[in-house]
Amino acid sequence: MSDHSPLALAQALIRCPSVTPEEGGALSFLADRLSRAGFSVERPVFSEPGTPDIQNLYARIGTAGPVLVFAGHTDVVPPGETEAWTHGPFSGEVADGFLYGRGAVDMKGGIACMLAATLAFLDRHRPDFGGSIAFLVTGDEEGPAVNGTVKLLDWAKARGERFDHCLLGEPTNPDTLGEMIKIGRRGSLTGRITVHGRQGHVAYPHRAENPIPGLLRLASALTADPLDGGTAHFDASNLEFTTIDVGNPATNVIPASAKAVFNVRFNDDWTADTLGAEIRRRLEAAAGNAVRFSLDLQPSNSPAFLTQPDAFVDRVADAIEAETGRRPALSTTGGTSDARFIKDACPVIEFGLVGRTMHETDERVAVADLDRLTAIYGRVLDAYF
């Protein structure tokens, strides 16, 4: 097996214990392979008070445009109880056609495929392939995500780097390789409602003001009617309550306040501001003069965004269809990713491995999928340049 094969590269990366925020040797391995291939490689470290310093990697080969960026992360979530794994979480063992290890799917396997495809492409097209290839890789995606991609992009912009398109190798396929390309992501908004009452004894309710019925009224106002009916590329926005609490262990005390937390995953019909205004309007209408409440809205750094289907999306879809025989769906489902930052630098889409076992005990990827994803990325490179 060649040490440039996606399997060998993925095994080497998995054997680096890069549990966020630790680098674990993963970025160093990647930097070595890229520099040996002729890339200019830099390793900026970013800091933020109250968070760990994070190592990142930026590499580029070529000086001309267009510039295609491969993006991803080498940090992984903790493995949990290692004794529960059939094969060690950092062993990189292969059994029954599967590569096991933390990050096999999310997303060291994807990075290995990007690297393998790029090395093979350069072997075919050196010295001039009519553009530039860049790697934008962070060690802070599974953690707070404040010293990673968002700062790496600012750092690159300050140096005059400009990108034409980005392919982010997150695991996008629910069950089978080739099912799905992510062309956008929903936004996220968290809200905290506090209904204010007056504490008292349950036997003397006229001396108290129970906040719980008011909170139930407000919660019903937010869930009774849908926020929207969805858009061309997004499902309907969805609001879910995640906790309701009065902090009251006593059975004979009316609490002074009642609190609830909700999260909205919203589509491109809304911004955080317009959605917040609609939520406040519904609450105020339901409360009238009968319910005293306060609302704290916390937008994440995850606005809804969409990369419009274009020639680049078609190139990736064509490559997938050529290797898998299926035309991928263009989707905006799922949670957030670093694409939410990259979208401000250039058009970005996501395509990677099958995500069924990501973050699980015995996370694993089919070795055949590593080979096929490498071939897909190779076809993208051939079509792009």
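Cβ from N, Cα, C; glycine included.
Predicted, not measured: the structure shown is a model, and the values here were computed from it.
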Glu142, His359 bind Zn(2+) 2 per Swiss-Prot; candidate in Asp106, Asp175, Asp314, Asp318 listed for that same site: Asp106
Which of Glu22, Glu161, Glu170 belongs with His73, Asp106 in the Zn(2+) 1 site listed by Swiss-Prot: Glu170
Binding-site residues: His73, His359 - member with fewest neighbouring CB atoms within 10 Å: His359
By Cα-Cα distance, the member of recorded positions His73, Asp75, Asp106, Glu141, Glu170 nearest His359 (Zn(2+) 2 binding site): Asp106
Secondary-structure category, per DSSP, in which His73 (Zn(2+) 1 binding site) falls: strand
Other residues, Cβ within 8 Å of His73, Asp106, Glu170 Cβ centroid (Zn(2+) 1 site): Gly72, Met107, Gly110, Glu141, Glu142, Gly169, Pro171, Ser337, Gly352, Met358
Distance check against Asp75 (active site) for the binding-site residues Asp106, Glu142, Glu170, keeping those with Cα within 10 Å: Asp106, Glu142
